[in-house]
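Q: I am attaching a structure below and will ask some questions about it afterwards.
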Amino acid sequence: MARGPLRCKIGPSILNADLSQLYLESQRLLDNGADYLHLDVMDGHFVPNLTIGHPVVKCLRSKIKTAFFETHMMVSNPEKWIEPMADAGVNLYTFHIEPVKEIPKMCRLIREAGMKVGLALKPATGIEEVRQFIELADVVLIMTVEPGFGGQKFMNDMMPKVQWLRHNYPLLDIEVDGGVGLNTINACSEAGANMIVSGTAITNASNQRAVIASLRETVESSIHKCNV
């Protein structure tokens, strides 16, 4: 797949935001410099928690017309939600490879629905499980916590997966999610991640703009070093 030049993208996770004010919280994140919104969808089955579904995403899209939406589908049957999420205005449909038997078919269906494809790996899933499918994807997401809950501690031992991906796919969009903030961004950026999902570190910050800018500066510095 043809890939453009590598760019840093910061995507706040709204999981720990005030969901009663979802539109206002989301708009504030975008106004403060977020490149996209990372929307965590959990089914209470693949992970032991329930969050938002496509009706909420569709309502959010009706208010926020142009921002880039990624749905992180922590669900047992991601194929079931492709059409509803496409209809809701999702741009990037990132699904976990673990419960999916026919990954190429999933990727094709997502593209046919007009969305970009993301492949997500839980911490226990080795990089060899996704290797043969990377060319089918726009993004590979390396979870740096166990999916299902916000506010967990960052797992530094996931960085070799990111390093392997960046070494072998210099222009791939590599996303990290879980425990990512000002204290852990260096490890992520040095390993080669360029799409940064950050939850509480951004949403709970007194100065969201400053935190987003700091995360971006660290990642852009690493991308620049790679390109020199």
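Cβ atoms are placed via backbone N, Cα and C, with glycine included.
Just so you know, TrEMBL annotations are computer predictions that nobody has curated.
According to TrEMBL, the feature substrate binding site maps to Ser13, His72, Gly148, Phe149, Gly150, Gly151, Gly179, Gly199, Thr200. Feature annotation from TrEMBL assigns divalent metal cation binding site to His38, Asp40, His72, Asp177. Summarising the annotation, TrEMBL assigns active site, proton acceptor to Asp40. Look at TrEMBL and you will find Asp177 tagged as active site, proton donor.
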Q: Determine which residues of the same chain, besides His38, Asp40, His72, Asp177, have their CB within 8 A of the center of the CB atoms at the recorded divalent metal cation site, and list them by sequence.
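A: For the divalent metal cation site, the extra neighbours are Gly11, Ser13, Leu15, Leu39, Glu70, Thr94, Leu141, Val197.
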Q: Do any of His38, His72, Asp177 (binding-site residues) have a CA within 10 A of Gly148 (substrate binding site), and if so which?
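A: Checking Cα-Cα distances against Gly148 (substrate binding site), none of the binding-site residues falls within 10 Å.
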Q: Counting across all protein chains present, how many other Cβ atoms fall within 10 Å of the Cβ of His38 (divalent metal cation binding site)?
A: 27
Q: CA-CA, which of the binding-site residues Ser13, Gly179, Thr200 lies nearest His72 (divalent metal cation binding site)?
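A: That would be Ser13, the closest of Ser13, Gly179, Thr200 to His72 (divalent metal cation binding site).
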Q: Note down the number of other Cβ atoms within 10 Å of the Cβ of Thr200 (substrate binding site), including every protein chain shown.
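A: Counting Cβ neighbours of Thr200 (substrate binding site) within 10 Å gives 18.
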